[in-house]
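Features as listed in TrEMBL:
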type	residues	note
DOMAIN	12-407	domain 'Major facilitator superfamily (MFS) profile'
TRANSMEM	10-28	transmembrane segment
TRANSMEM	48-66	transmembrane segment
TRANSMEM	78-97	transmembrane segment
TRANSMEM	103-122	transmembrane segment
TRANSMEM	143-161	transmembrane segment
TRANSMEM	167-192	transmembrane segment
TRANSMEM	213-236	transmembrane segment
TRANSMEM	242-265	transmembrane segment
TRANSMEM	286-304	transmembrane segment
TRANSMEM	310-331	transmembrane segment
TRANSMEM	343-363	transmembrane segment
TRANSMEM	383-404	transmembrane segment
């Protein structure tokens, strides 16, 4: 019976990874098919940008309410709704409606991704295993999402090429992704069950419980861990233009480096961090080690001379840094369990932490762009890397404080 339960939870995790990847593919199709999508919809670049801003704003404002939703309703209901809503809107999106409807679609997509999906996904993952397994499970979730994203993206690119790189080909890709979302929603409904995912009557929260979460120092420390890690992650995406514009790397080499950073390291980093956390019996210890690695590698990237002769060495430093980032991203929400946040307010805690933790989406690209415009060349990148280094130092301090708090809690139990 125990073995069946173990196999069953990994089936659930696989379905969750499938949906967790597919739900973000439609809003971010522009990253791969920008020109064709713009032509198909028939709007300006500015209007196209505004639609994504609407998605980002909706996502940001609904993180906290999404936590409340996750504590009120079972993940089964929320995940099913999020995937099916996203898929149905995707089918409508494939007809390329005008600008105003694009605004509506992207706003609802943002609601589905954060108000309904995000906290429910994390709460469901927490419920898949006991405290000792949290790091492994969250690591597998991150790695599984990366694997599914890689498979879906590669398949769509292949199909797009075979279909003539036309609007018709793009329509087929959009419809396929929409159907994958709907299938994921149906699978969740049949694979998950309400009884294992929490009891709604017991998990309904009130303002008193929200206050309880806000008074937890560990929640704020974890928020600092995530906001600093995510700031460094966004900053790391500027390594690609740094290699081409400053160090003279070819576009093909930079593209290869970007693929390694965005896909290979995510596939390996999440599960590696999870299994390491399980072996060390502490997610926070692994996060602290990751921050140490980031501080060391970023120090080298920030202060070593910007010379083409050391390009390979700088690439190695970047790979080590991004490996630590992805290992941390895969497991940092497992700390919610390690600091003993009550299960019935997990969604609320995750929502509050996410509001703070993902603020870099608002400011980090603006900071980077402003620096690179004001200080062209190596100087602007050096300033950016120093700012990233400062973020990583703050993150290291926060993780050390978390580690100290956890040790103190354990000492009080004995």
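Glycine residues also receive a Cβ, built from the backbone N, Cα and C atoms like all the rest.
Within the same chain, residues 146, 149-150, 236, 306-308, 311, 314-315, 318-319, 322-323, 325-326, 377-378, 381 sit at least 6 positions outside the transmembrane segment (242-265) and bring their C-beta atoms closer than 8 Å to a C-beta of that stretch. Here the listed stretches are 103-122, 143-161, 213-236, and the one with the most C-beta pairs under 8 angstroms to the transmembrane segment (310-331) is 213-236. The stretch in closest packing with the transmembrane segment (103-122), judged by the count of Cβ pairs under 8 Å and taken from 10-28, 78-97, 286-304, 343-363, is 78-97. Per-residue pLDDT, averaged over the domain 'Major facilitator superfamily (MFS) profile' (12-407), rounds to 86.
Tertiary proximity for the transmembrane segment (10-28) is limited to same-chain residues at least six positions away from its ends with a CB under 8 Å from its CB atoms, namely 52, 55, 79, 82-83, 86, 89-90, 93, 106, 109-110, 112-113, 117, 121, 124-125, 128, 137, 140-141, 144-145, 147-149, 152-153, 156, 174, 177-178, 180-181, 184-185, 187-188, 191-192. Ranked by Cβ pairs under 8 Å to the transmembrane segment (286-304), the stretches 48-66, 78-97, 167-192, 383-404 are led by 383-404.
Most Cβ pairs under 8 Å to the transmembrane segment (213-236), among the stretches 48-66, 78-97, 143-161, 343-363, 383-404, belong to 343-363. Tertiary proximity for the transmembrane segment (383-404) is limited to same-chain residues at least six positions away from its ends with a CB under 8 Å from its CB atoms, namely 218, 221-222, 224-225, 228-229, 231-232, 235-236, 238, 282, 284-285, 287-288, 291-292, 294-295, 298-299, 301-302, 335, 339, 367-368, 371-372, 375.
Long-range contacts of the transmembrane segment (48-66) within the same chain, counting only residues at least 6 positions beyond its ends with a Cβ under 8 Å from a Cβ of the stretch, are 27, 30, 37-38, 41, 99, 102-103, 105-111, 113-120, 347-348, 351-352, 354-355, 358-359, 361-362.
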